[in-house]
Structures are given as C-alpha cells and as structure tokens.
C-alpha cells in the first residue's frame, strides 16, 4: 500500500497536479494525525497553519497576551487558596509582556490602580489572565488586565479582578522611549482607549484628593475601647519588618527586581501584620492605587515594613513600604514603593468577622490612622462612582469635594463610552444636520451631527458655557453658575422653559466637565450629568429634573472647520419627546441644532476679541 501510494504521488507531481511542497506538507500532517489528501494549490489561497500555530484573528489586538496557570500546592496558603502575592506576580508578568509587545523594548511597572479581589482560587483550578494595551501616551502606556478562574471539573468560569497598570518604556541606559500610538479596532477597545485618558488624569490628582480631604476633615482622637468593651490593640504590636536579598531568580529580563516579586513580598508582610491584630488568617480584599518610585537590582537588600493603620468594623487597612539599600552597612535607603491593603477575616460561612479596634501611637501613628479613614472614604467613592456600570449609578449623585474627581471621571467617561458605541443608525437627515439613534436594553440615545465653519477650540469654549445656551436652545430659560470646581468642571443651576406634568417649570443641577484633546485625533469633550448640592435642594416652585448622560464632542476637520456632535441618553421622562423627533413627527431637534450653528457662526469672531 505504501509503495502504491508513493507511485501515485510521484505521478501527480510529474503531471503538475500537485507541487512537491504539498507532498511534504501532506507527509507532515500525516505524522500529526491528519488524513486529508493533498490537493492542487490555488495561488489565490492563503496557506493555513494548523493547530496551535495558527495566527491570531485579524481583529485581535496585537498587544494582547493570554496566560493560563494551574494552581499548585506550592502557590497556595494554609487554606489551599492561591496566594495573592503569587497572583500579583502573574498579573505583572502578563501586563509587562503586553506592554513590551507594543513598545518593542524593555518596560517597567510605574503604577497599578485599585484592585478588588472578588473571589479566592483553590488548588487545581486554572487562573486565566488576559492583558492588552489600552492606550499609549508619550513614553507610558495603560495596560488593562482581566483575571478569571476556571474549574476544570465543573467547567465553571468566574471573574476574579480587573486591573489597570501603567508601564514606562525604557531605552538604553534607562532613557525614555517615545511610543507609537495605538489604534483601537473593536467597540470595547475604542471605549477603553478613550477612557484611558480620564483614568490617567485621575491618577495624577490622587495625592491631591487625599490631602484636600484631610485638610477639611476634623481631627478625631482614637477611641480607647474596642467594640466588645476591651482595651484597643496598640498598633505597634502589629508592626512587621523583614529583609529580603534580591537574587537572580527575583530579577526580570532587564536585571531589575521584578515588580511582581516586590508586590508579593509586600503582600506577605502585610498579611503578617493583619494576622497580629486579629489572631486569625486574614483575606486580602483590595489593594489601593500605588506607584513604584524607583528600581532595585540584584544584590540589593529590600527592607519591607508593615503596620495596621486603622481597623474598621469588618475590615482593616495595612500600610506597607519597601526600601532598598546596596550594602550591609549602608545608612541611606531608597524608597521603592508604598501600598495600602485592605483585609477581612471570614468566618466558616464566609462572612466578615467583627475586628478589634486599633490604638494608634502618638504622632505618626495618629496621622496614619486619620489617613486610613480618608482613604476608605475615597475608596468607597471611587468604587461606587467609577467602578460601577453607568446603569448602576443613580442619576443625581451627591457632589462634594472628596468625590469631585470621580464624579468628573464618571461624567466624561460615560459620554466617551456612548460616543464609542458601534451600533448608531442614521434616523434622518435635513440639509447639513444628521440624526442618529442607538437602541439599547434600557435606553434610547440620540446624536445630532453637523459640520460648522469654526475652529474646534472656539466651538468648545462657546458650547461649554451653559450660561449662553439660552441664546440658541429654546428649552433653556436660564443657567446660573453656582460653583466653579476648577478650570475644567463647573456646576450650574439650570431652569427649563419646558413645563412638567405638574404644570411647573423644570430645574436641574448639572455638572459640566470639559476636556481638551489628550492627543491627535481626540475630540474636544463637554459632558453633562445631574448631581445634588446641599445649597440647591429641590424647590416647590420647580419640578426637579435629571439628566443621565449628554454632551458635545467636537472634532477638528481643518483649522476653520469642525464636526460638532451632540449626544443624549434619554431618561424615561423625555422618552416621548425623543421618539416624536426620531419618528419624524417633529423637527424640533433639527431646528435647535441649526440655531446652535447660527450661534457659533455669530460669536466666533466675538470670541477672538474676548480671548
């Protein structure tokens, strides 16, 4: 049979039915178990690579890295659960590989955003990590990481955490490298790419937010009684100090101490400190946003210190820092990293136990105690406003100084998310104005769009001032600026001409957040959402209205030409009004947008004089 097959193949080659390469490919596939016979090759076809060697899908992000790790006993703690330190190593490795795919050169971890661990992972389960670059800035880039676990026996998959890390590309001798821009392809990638600029902005003001909250918060004395009436535990009793010698296995491929290894060592000493307070085995629930301040190398000694800063009813914050020095007798130490970790102690049913209180030491201990309370407030704000899906956030969130950064982030990111949606459908066109709609599960959104002969920066300045909106929008009676938060965020009290079902005019308290382009191709953004202010409660003279997500995006088309688009995610109150326009039974939307164009053209030269 083998001889007969050989003669047939030789004849097919002589008669040019197949190429010799096809014979070789057939033989190789046969060794792998393939039984497909060779066939004539069509020059128009692309050669396929079988099995695991197949190239990625054309739509797959080229920076995407996938890692799967089986949880072995050596990776776990005393409960047979994956050590969080080990998980941090894997997360940092996958994120670094993704960053280096884009940069084409070595990259180092600069920072990591908040990480909330939703579940623990047991021996025998598989950890799946997916990392990809969301956006590249000048020399830094944001990498998004998704972590889930897989139970091979039941087939169950479950999300563990989502994280965002910032990496910096490094050239020879540690010099910074200018990164090429990243072009997002899918709807999800476009959303992440757009919102990455907002997350970067939030990181830069994180320290200022904490300082501002501490300045305005009253100084409180630590309570001396625990919740069960006994004396509070002195914080000093939870202090831990440990030293590690950085060996070659602890270094990355650049010779620096691996960032994931440093995080694992920090998690270890933090766990010990938490255990000394509760005399039990704690579970890490969250890691606060942190930054690496500098590198360390093989041969360095890393000193890791941890202490419980504050204990709340069901959770405690542990502060931990890492310092490095090069020689045993060295006096000066380099600050590598500081982090704040939140632990809980679970009972047999998996519910958080009540914890003993902490008595801080005078001076520095009291400062850490107060800062821990402030960080908890900020952490809750950030998780409540930033981490939630748009549909899970109430329309009018109370605004105050401590959450202003996160409400501004939510305001702008919600609009950018709406802009990046892929399923916009053209509903109508009248002269230069085009109307699009987007139908989702709970919302009907619309977009009005036109090109205007005005510079984008001038249109941005005019449309971001709500006090002038009544000049072109007949629905606005007045808009009063009630608080100038900063240069980019303002709060207005708006009175509408529209009467409610109670036959009273409507009023709104609106946060207006504006953003200039972060890089070439980005639009100017003006986002609006409702908030509540103690100084402007609902009045009996008006019916208080709310707006969920609306605003303008302005793209420069040339120096004197811009594409202006208005977006609105309609709330149920306005649904009838929106559908009437979408169905063509009213032209009010188009008329209002045409009035907007006339307003821009009329005032563009006036703006030049004022500037």
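Sequential numbering from 1, following the chain as shown.
From the backbone N, Cα and C atoms, a Cβ is placed for every residue, glycine too.
Matching 36-63, 64-91 against TrEMBL, the residues noted as region 'Disordered' span 36-63.
Within the domain 'HotDog ACOT-type' (236-349), the DSSP-based counts of helix, strand and coil residues read 26 helix, 51 strand, 37 coil. Mean model confidence for the domain 'HotDog ACOT-type' (236-349) is a pLDDT of 91.
Secondary structure of the domain 'HotDog ACOT-type' (61-173) per DSSP, as helix, strand and coil residue counts: 25 helix, 54 strand, 34 coil.
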